[in-house]
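Report on one structure; see the data block that follows.
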Amino acid sequence: MTFAKTLTKVIGAATLLAGVVALSNLTARAEEEQPNPTRQQWTFAGAFGKYDKAQLQRGFKIYKEVCSNCHELHIPIRTLAQPGGPELSVDEVKALAASYTVKDGPNSSGEMFDRPGRPSDYFPAPFANPEAAAAALGSAPPDMSLLAKARKYERGFPAFVFDALPVPGGMYQELGPDYIYAILHGYEKDEDPNWNAYFPGHKIAMAKPLTDGQVDYTDGTPATLDQYAKDVASFLYWAAEPTLEDRKSLGVKVMIFLLVLSCLMYFTKRTIWSDVAH
Amino acid sequence: MHGLSTFEPKNGVVKWLEARLPILSFGYDSFVAYPTPKNLNYWWTFGAILSFMLIAQIVTGVVLTMHYTPEATMAFSSVEKIMRDVNWGWLMRYAHANGASMFFLAVYIHMFRGLYYGSYKNPREVLWILGVIIFLLMMATGFMGYVLPWGQMSFWGATVITNLFSAIPLVGDQVTVWLWGGYSVDNPTLNRFFALHYLLPFAIAAVVGLHVWALHVTGQNNPDGVDVQDIKKDCVPFTPHATMKDGLGVTVFLLLYCWFIFFTPNYLGDADNYIPANPMKTPPHIVPEWYFLPFYAILRSIPDKLMGVIAMFGAIAVLAFLPWLDTSKVRSAKYRPLYKKLFWGFVLVGIGLGYCGAMPAAEPYVTASRILSVLYFGFFAVLPILPKFERTLPVPATIAEAVLAKSESVKTAAAK
Amino acid sequence: MSTATTSTEETSRRDFLYISTGAVAAVGAVSVVWPLISQMSPDASTLALASTEVDLTSIPVGQIVTVKWRGKPVFIRRRTPEEIKAAQDVDVSSLRDPQADSTRVQKPEWLIVVGICTHLGCIPLGKQGDYDGWFCPCHGSVYDTSGRIRKGPAPRNLDVPPYAFLTDTKVKIG
């Protein structure tokens, strides 16, 4: 029995030690690195989230006028018209597509040729290839089609547990848009346009891309950097996750169905086992 | 547990088939009349949950194969096409990716249940070893499946894990080149991983068949760990009793699974895997999927390459020796106070190792994972000598007696 | 007496529970099948596939040009006056698939048909066969200069795809 007690104590102490050691200099680490982005309110967050179509359209305008000069957005133009997105009309999308020049071919004489874009085309890239982009800009800007899902920040314990759960302040899946929003706000040093508070290491290749009043809004929304950052982050989340509305609305139905089935199953099981001692 | 078949064909066609292929009586004896200990709790529904997950993974996997292109320049964009263009493609992919996590979650619960109730002990050693083989096959399948989207974490995960084999003395480098089909992870590697990822689930299904066969020879263990004495008193027929209970277990598990699919589909994945693979740039922080983290922590805890790899594979291999390491005559931890504490300590060690595995390879996590790795193997080292120090509680003679004692204690509690 | 009634009620209550559980579970199983079937039909990118535009200026009279539309061959035939006459002079009621030539062309000079034999999907050879239209080498179907079936096993005339003349020299198929 003494052995038992000693053993229990050793295990307990060692586990505790490991835990304490692990947690001890978390704070120390946080000081050296960039601050975490703050959580924003997004219409597409939560179990019933939906995109704000006007916001996506504004975000698209920012992409078109600013981002697209350097960044590729590898998604088909036609998706702007599909349900659960910016929902431009089919004619608007056709006109938009036709405003791009797309390389096609080879034709019957074996040559590549330019033609006006069609809705089924992808948004053309600003550079022929990443190497050309890197040669022109210093480093190749990332493709934006999945950017909002490809960026996140460390949440740490125990926050990351609640991020998955349907509790108040939980269900946090919008780390990417928050990161993009924070980056656009992170150019805090006027003397250095490539210094960003939220970028790991603080040296970002992209110089401050957006300032107040840079893009005209026609729907009366304030033309501020803060609004731009929200709109473009929303648009990029849609670009990365165009089926979000379908997914969440189907999800609600599936959960209700499973809850009903679980109750029925429970009562059936109880009835079947009612004459068995167990 | 196999008595004479109670299946009596009445229909002429059934009689005809029975005389030629007795598949109906086999199914009836195995899944209808099959005697199930009546004291099983809900931890025993994970066998059914795992069968369900295996089928779900194979079905969604076959669907994804219809749209996926296993070629280095197209794999990433074909997955994006599944997500954007294919009808219900997003559902199939999220179900498959999260399904892998759910499969591992269920298998870990299933394994810990076996550990707690001593389900690996005589006469169920072969049953247990088949389970360890399934677990190994699942790990190989899960790893190769994660490579297929050809994102940054796919590529660098594949690079790191295949480099483990370069630790083999003398032939390590040749083996690695052979695994890759080149001088680095590239298109040939992706192609063979795809072929094997498609093949292995069927191998798993075959070993699951053996696992169920072995189970039906020895019969199920139960929470009290006592053998079935009298089928009439100790057992209930599998259908409808166990079928219904399993059905309920599967449905409740589906709630969790669907929560991940529909509301937090990328929570368990890594954001870096939405960046196409770039052989020229390693992501700053390489982590495997969560279900590999404890073993990854053991690998990293040892500063020697070969020893690290041996320790990692040893951590899995040691499970196969469990039936002989644990010498206690009592099966269930319910009647083993010391083992019970040790068990929960082991669970904590596993979780702690998982946490360390997710953290960067820096202090304090290195020291923490070293301590925890020692404790992990310590659990297995202590088992053989444990019975010398353990005073076990009185074990009920039969399942019926255990059930009676339980219902009486409930009654007494109610009376109070 | 009262016990008997209770047990009957009990039984029917049980039956109701079992049936509703089974029915709800069955509805769930069936709903899962739909996405598994639907995923195989053409995806959004295929449905959005662009139409094909063809410049007609380079096609001489009497020539057949094959262009690709939705992965299928489309024949564009600039018919000679004799071919047009041969196509128009047929007694429509004598045909297997009765269609007047005028219903198959927008401009008599240009015949545009999907180049797939309506028998079993082979590509027929141009300017061959008894009617100088098309001849399918697989099973010997013979089409005339309007792409109508005249002999052999094919049941229907060659299909006419949707098309529109954007200008006199440019046609958009699809």
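Just so you know, glycine gets a Cβ as well, placed from its N, Cα and C.
Listed in TrEMBL:
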DOMAIN    B:13-224  domain 'Cytochrome b/b6 N-terminal region profile'
TRANSMEM  B:42-69  transmembrane segment
TRANSMEM  B:90-111  transmembrane segment
BINDING   B:His96, B:His197  heme b b562 binding site
BINDING   B:His110, B:His211  heme b b566 binding site
TRANSMEM  B:126-148  transmembrane segment
TRANSMEM  B:160-181  transmembrane segment
TRANSMEM  B:193-215  transmembrane segment
BINDING   B:His216  ubiquinone binding site
DOMAIN    B:228-397  domain 'Cytochrome b/b6 C-terminal region profile'
TRANSMEM  B:248-268  transmembrane segment
TRANSMEM  B:306-322  transmembrane segment
TRANSMEM  B:342-362  transmembrane segment
TRANSMEM  B:368-386  transmembrane segment
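Where TrEMBL records a feature, it is marked here on the structure.
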residue	record	Cβ neighbours (10 Å)
B:His96	heme b b562 binding site	21
B:His110	heme b b566 binding site	21
B:His197	heme b b562 binding site	21
B:His211	heme b b566 binding site	21
B:His216	ubiquinone binding site	16
Averaged pLDDT score, the domain 'Cytochrome b/b6 C-terminal region profile' (B:228-397): 95
Among B:His96, B:His110, B:His197, which are recorded as binding-site residues, the nearest neighbour of B:His216 (ubiquinone binding site) by Cα: B:His110
Same-chain residue ranges lying at least 6 outside the transmembrane segment (B:368-386) that approach it to Cβ under 8 Å: 294, 297-298, 300-302, 311, 314-315, 318, 321-322, 325-328, 338-339, 342, 345-346, 349-350, 352-353, 356-357
Inter-residue C-alpha distance, B:His211 (heme b b566 binding site) and B:His197 (heme b b562 binding site) (nearest angstrom): 21
B:His197 (heme b b562 binding site) to B:His110 (heme b b566 binding site) - Cα separation in whole Å: 23
Cα-to-Cα gap, B:His110 (heme b b566 binding site) vs B:His96 (heme b b562 binding site), nearest whole Å: 20
